[in-house]
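Written out below as structure tokens is the structure these notes cover.
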């Protein structure tokens with residue numbers, strides 16, 4: 001029975017020409033069989049054969065996975081493992097074992113020839129797994145990280161925090177990290193744990209008791225004292241009596257506190273000067289404002305005087321016309337002539353005041369009374385024009401001259 005698979009394998013190799021290295025088989029090979037010697041796997045391309053054992057059906061697709069040269073070898077393998085255990089339904093073979101078996105000289109290049117040799121020697125399928133593998137399997141399954149690697153990873157994670165002498169941002173669960181010790185007092189024989197102390201004491205590595213003690217024995221047997229200004233230990237010679245700060249730092253501290261202050265006399269003098277400057281500035285502002293107000297008032301009085309003068313002139317002219325009409329309502333021609341003469345005299349006076357000569361040829365038609373009145377006021381008007389400061393008085397005299405001219409005209413009408 002054991003020679004049949006080898007003969008079938010040889011015939012299959014001759015038929016298909018696979019005398020050289022056979023093609024690689026699939027890594028998963030389902031092998032199912034219950035019968036002791038009658039069961040076999042046959043490959044047929046034209047017929048579909050269903051092989052049922054223990055309720056499992058082998059489909060044609062699973063049979064097609066086998067190469068043509070291995071059909072007889074598969075039948076021999078089923079015959080070999082049929083007597084081993086009825087419960088071995090699935091078997092997995094690493095690729096390295098398959099290639100090592102395929103490279104053997106026995107079996108004529110058959111990759112499953114070692115099964116036939118084991119069966120001939122009287123061994124079973126279980127003895128195959130008890131033999132040590134020839135080569136390491138190609139499959140690799142990562143195992144769990146060892147405890148040493150975990151410790152290194154946790155140590156690297158704790159180094160992310162800042163080492164400032166107190167708890168870091170990522171404190172470890174088990175307390176302080178590897179190689180790091182809690183801060184302790186540097187006094188000789190104290191070694192107090194400062195993990196729960198204040199930040200100041202942890203930073204300078206001194207407990208609260210020794211930071212205030214007058215004499216502390218430090219490393220080396222030196223008698224020192226903790227300076228609160230320098231935040232370190234000094235020899236007792238550098239302190240004054242029972243002071244908590246050294247002599248040098250205490251002198252600097254007192255110098256800053258006792259800076260020289262200005263005397264009261266100097267301070268009062270500065271205040272007086274500031275007040276004097278302030279009062280002078282206010283006086284200057286008041287004087288400038290009063291000057292501006294005086295200029296504005298003078299300008300306003302000039303404008304008002306000019307307005308009153310124009311009003312008086314208009315009233316005088318209106319009064320003269322009314323008187324003329326009341327005295328001689330019939331002599332309209334003579335009254336018009338007199339009005340023209342009066343206006344001519346007024347224009348002549350205005351021209352003389354501004355320095356413009358007026359022709360005297362037209363003055364022959366005037367009455368002697370009017371000529372005398374005009375000539376008597378010419379000198380005074382010229383003098384007033386030469387003095388700009390007497391402008392207001394000049395305007396007043398002009399009003400009086402106009403009134404005198406009207407009175408002369410009124411008297412002339414009564415004479416006629």
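Here the Cβ of each residue, glycine as well, is placed from N, Cα and C on the backbone.
Between the stretches 200-249, 250-299, 300-349, Swiss-Prot puts its region 'Disordered' entry on 250-299. Feature annotation (Swiss-Prot): of 11-51, 52-92, the stretch labelled region 'Disordered' is 11-51.
Taken together, the residues in the zinc finger (182-260) have a mean pLDDT of 87 on the 0 to 100 scale. With the fewest other Cβ atoms inside 10 Å of its Cβ, the least crowded of the binding-site residues 210, 234 in this structure is 234.
Close to the recorded Zn(2+) 1 site, the chain also has 184, 186, 187, 191, 192, 206, 208, 209, 211, 216: residues not among 185, 190, 207, 210 whose Cβ is within 8 Å of the site's Cβ mean position. For residue 210 (Zn(2+) 1 binding site) paired with residue 230 (Zn(2+) 2 binding site), the C-alpha to C-alpha distance reads 15 Å. Look at the Cβ of each of the binding-site residues 190, 246 and count the other Cβ atoms within 10 Å; the largest number goes with 246. With the fewest other C-beta atoms within 10 Å around its C-beta, 230 stands out among the binding-site residues 207, 230.
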